[in-house]
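Taking it in order: structure first as structure tokens, then the write-up.
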Amino acid sequence: MADQKQRVTVIGGGLAGTECAYQLSRRGVPVVLREMKPQKRSPAHKSDTLAELVCSNSLRSDNPESAIGLLHAELRALGSLVLSAADANRVPAGDALAVERERFSAAITESLLRQPGVELVAGEVEQLPEDGPVVIATGPLTSDALTRELERHVGTRLYFYDSIAPILSADSIDMNVAFRQSRYGKGGGDDYLNLPMTKDEYYRFIAEVKAGQKVVPHAFEEPKYFEGCLPIEVMAERGDDTLAYGPMKPVGLRDPRTGQEPYAVVQLRMEDVGGTSWNMVGFQTRLTWGEQKRIFSSFIPGLQQAEFLRMGQIHRNTFIDSPRLLAKDLSLKTEPRLYFAGQISGVEGYVESAACGYLVALALHARLTGTEFVPPPATTAMGALLRHVTGEAHPPDYPHQPSNISFGIFSPLTGRMKKAEKRAAYSARAKQDLAAWLPHAGVPAAGAPEHVDQRSA
């Protein structure tokens, strides 16, 4: 019988929870996987299987010279359950990794049911276990009862709506138009990039935002916006000048080309410490991704050649302020036996959630065996994702928002390169550094973790 103190409870049978449970069990750690289905479902879920894909059957690009494709490759090298199931149930989709979703979920469910040391327990969790390690991987639609329980542990740093502004590659911003300056010279004096607009440019932009195609929310996503974080199109509908007195206000700024205060500005804030990516401040939006690219590139001066590393969006999401709450191993600073994995920690996307679950499994296994958790290098996709969750990829006090993997959160490259060359360089560097790190994950070249039996510990 396993020592109950060494038995890990994983709450949530999505991509993060299933990957975490599988990787722990492969390393000899006994796991109880708690999933509320089939007794109860969130408004988004329809099936009784684990790892249900809700919004899309695509795991996005499989090109290893894209950030997400690089993450796919790293997870394959690590022996990921999710990537193995995806590859086995792939459907034609160009260079995207798309899956037959029912077979994909069934494959993961069957793998875990067959896995020694994994006990699957159905039913809603309303209170966290009082003893032993616990991994919370309940996703963006965490049940109301468990949400109330989590609030007892994390306080006010639990958020319920996800408002994401677009992120741009620094190399794609026209620096002949943009100028560095903070309002009234505050902070460092030049912490922001500013894209100035004339009166005519501003009103043309507003007209396009109001007319642009918007994403229709899911039935379970009743729009309830915070006044301090409204979508730009909602502000524009309140009046043509609302944005000019809000996030686009020009006060305290002077365009060095004219010496005058612009009529309006789009401000960009540094997204990573290397300054390779910039966030469009206050530009959370429900415009479709195609409309965002069209409107922002065509009607904001300086963005005509813009490369979008992340698109803006707003949707229902439950997540914690991980950089302030979690230690470097993704455990809660105030209660180290509690770990957070997946979207609730602030990653966005199926594959990113699985990767986060894998990282938690490594960190927890290290703690249980009394060994050091060696995080993946910041030059790898796995390492970049971890640094996003812990806040290391961003400037101090940067507001935590869920994010997909992008090259903007990687350790930056040096020197100027063309876009294709830069992506190839990121990929080559990551591949080399991951190979050197794999032994720290207990993974030989074949991608199967070396077995350490924790059940007898």
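Easy rule for this one: first residue shown is 1, then count along the chain.
Placement of Cβ uses the backbone N, Cα and C atoms for every residue, glycine included.
Taken from Swiss-Prot as is:
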type	residues	note
BINDING	G12, G13, G14, L15, A16, G17	FAD binding site
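Distribution of Swiss-Prot features across the structure.
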residue	record	contacts (Cβ under 8 Å, 6+ apart)
G12	FAD binding site	R34, E35, I136, A137, T138, G139, G342
G13	FAD binding site	L33, R34, E35, K37, L50, A51, L120
G14	FAD binding site	L50, A51, E52, A137, T138, G139, G342, S353
L15	FAD binding site	A51, V82, G342, Y350, V351, S353, A354, G357
A16	FAD binding site	A137, G139, A341, G342, Q343, S353, A354, C356, G357, V360
G17	FAD binding site	V10, I11, L33, E35, L50, V135, A137, T138, A341, G342, G357
**Request:** Please report the DSSP secondary structure of L15 (FAD binding site), reduced to three states.
**Result:** helix
**Message:** Other residues near the FAD site, CB within 8 A of the CB centroid of G12, G13, G14, L15, A16, G17?
**Reply:** V10, T18, E19, C20, E35, L50, A51, A137, T138, G139, A341, G342, S353, G357
